[in-house]
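Participant: Dropping a structure here in structure tokens format, bear with me for questions.
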Ligand SMILES: CSC[C@H]1O[C@@H](n2cnc3c(O)ncnc32)[C@H](O)[C@@H]1O
Ligand SMILES: [Zn+2]
């Protein structure tokens, strides 16, 4: 078993709702777990331990991205300043009809490399050709929950293929990969199709990751078709009986709060996407007040355009203050608790991820604090949320393995990935009139 000692870092974590900042700490990692944490020089360290000097760096739990479409980095910048309907029907769904499994593999490597550089060690990803994404995750070294997206019109056979994917990859890559089912959304499936998904999920003992109630129009459409909200559609089709990760949920109805609170659900919140697509924002504090965890997410890079959770932390605070016209809303400690602890709850990893403490998995990001914007250090939490950026991430560890050190990626070749992606771009950004993988209801 490998032993790694991170020496002399400052440490920021949240425990029992309290922010803890501890200067000059050592973190001892044994195998894939944190074994001990203590003031520098105080731990008993095996002779054979590898030492990693972290003077001046700030250790935080590896960041958790609760909802992404990682390979969509391939289309970054291709759908700007358009309505959400046009975003899907004129850009995203036509562009995605060009994708091959190899494109998705290289896109996934590009997005995973970007996330490691931003201190992200866990991603819940929802896309196509997920064998290739799983392969990329396995090579990159971070942790992921993966679902193979399926639309209702693709039918039972396609759904069965996603079930096979779940079985094939569950618990692989030294346990870093878990797999769930991923019906795309209530508006691109039917209640019967969702019922079938719920049946398979129960059978496999896995959860479901799905988009829900992203716009008021989607909720109105659901009432027209089924006489109920999208959340109630999920309830009545049995989806909420299994752990359910709801992407977005910006427009819950009054009864939806209780429905969600009474079931094993969590919400992925992606503020930059909402700002860019003019979608509004979610009642985050209300969700949390009734016990529904809300984690942070990037969504895909076509609506974001980066895969950066530090940026989502900042935007979460700013958008919630702005929506409430109240600067005291969403204080920095709550942002931290959401990013770390709620993030872990949303992906069902609470108790092992989202904090730095003995017994937790060794997923850690170490940030530089030497930029002028990070000085003085009266308040390291404020610096992290309002001043830090992905470029400050120096070193990233996942499952006890160092993935990036001194900003050098150790598991991936970033120049080779860029070259391969570059070769594919011209073909990928062609849009053939009338060809698209699905239709967004208008
Ligand atoms: C879930 S991957 C399948 C499908 O979903 C599309 N997609 C990307 N972002 C969103 C979003 O925020 N809401 C709904 N659907 C989204 C993605 O492009 C794929 O086609
Ligand atoms: Zn999404």
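Counting starts with 1 at the first residue shown.
Cβ atoms here come from the backbone N, Cα and C positions, even for glycine.
As the structure is a computational prediction, the values presented were derived from the model and not from experiment.
The annotation Zn(2+) binding site is assigned in TrEMBL to 67, 69, 211, 299. Annotation comment: TrEMBL describes 96, 184, 214, 299 as substrate binding site. What TrEMBL lists as domain 'Amidohydrolase-related' is 59-402.
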Participant: Pick the one among the binding-site residues 67, 184, 211 whose Cβ has the fewest other Cβ atoms within 10 Å in this structure.
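Facilitator: If we count Cβ atoms within 10 Å for the binding-site residues 67, 184, 211, the smallest count is at 184.
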Participant: List the residues in the vicinity of the Zn(2+) site, defined as same-chain residues other than 67, 69, 211, 299 with C-beta within 8 angstroms of the site's C-beta centre.
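Facilitator: For the Zn(2+) site, the extra neighbours are 68, 126, 247, 248, 268, 270, 273, 297, 300.
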Participant: With the Cβ atom as the reference point and anything under 6 Å counting, tell me which of the binding-site residues (96, 184, 214) are near ligand 2.
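Facilitator: From 96, 184, 214, counting a Cβ under 6 Å from ligand 2 as near, there are none.
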Participant: Output, ordered by sequence, the same-chain residues six or more apart from residue 299 (Zn(2+) binding site) with a CB under 8 Å from its CB, or 'none'.
Facilitator: 67, 68, 69, 247, 270, 272, 273
Participant: Quick one: Cα separation, residue 96 (substrate binding site) versus residue 211 (Zn(2+) binding site), in Å?
Facilitator: 18
Participant: Calculate the distance in Å between the alpha carbons (Cα) of residue 184 (substrate binding site) and residue 211 (Zn(2+) binding site), and round it to a whole number.
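Facilitator: Computed Cα spacing between residue 184 (substrate binding site) and residue 211 (Zn(2+) binding site) is 6 Å.
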Participant: Would you count the other C-beta atoms found within 10 angstroms of the C-beta of residue 214 (substrate binding site) for me?
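Facilitator: 24, counting other Cβ atoms within 10 Å of residue 214 (substrate binding site).
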Participant: Where's the emptiest Cβ shell within 10 Å among the binding-site residues 69, 96?
Facilitator: 96
Participant: Between any two of 96, 184, 214, 299, the residues recorded as binding substrate, what is the biggest Cα to Cα distance in Å?
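Facilitator: If we measure all Cα pairs in 96, 184, 214, 299, the largest is 20 Å.
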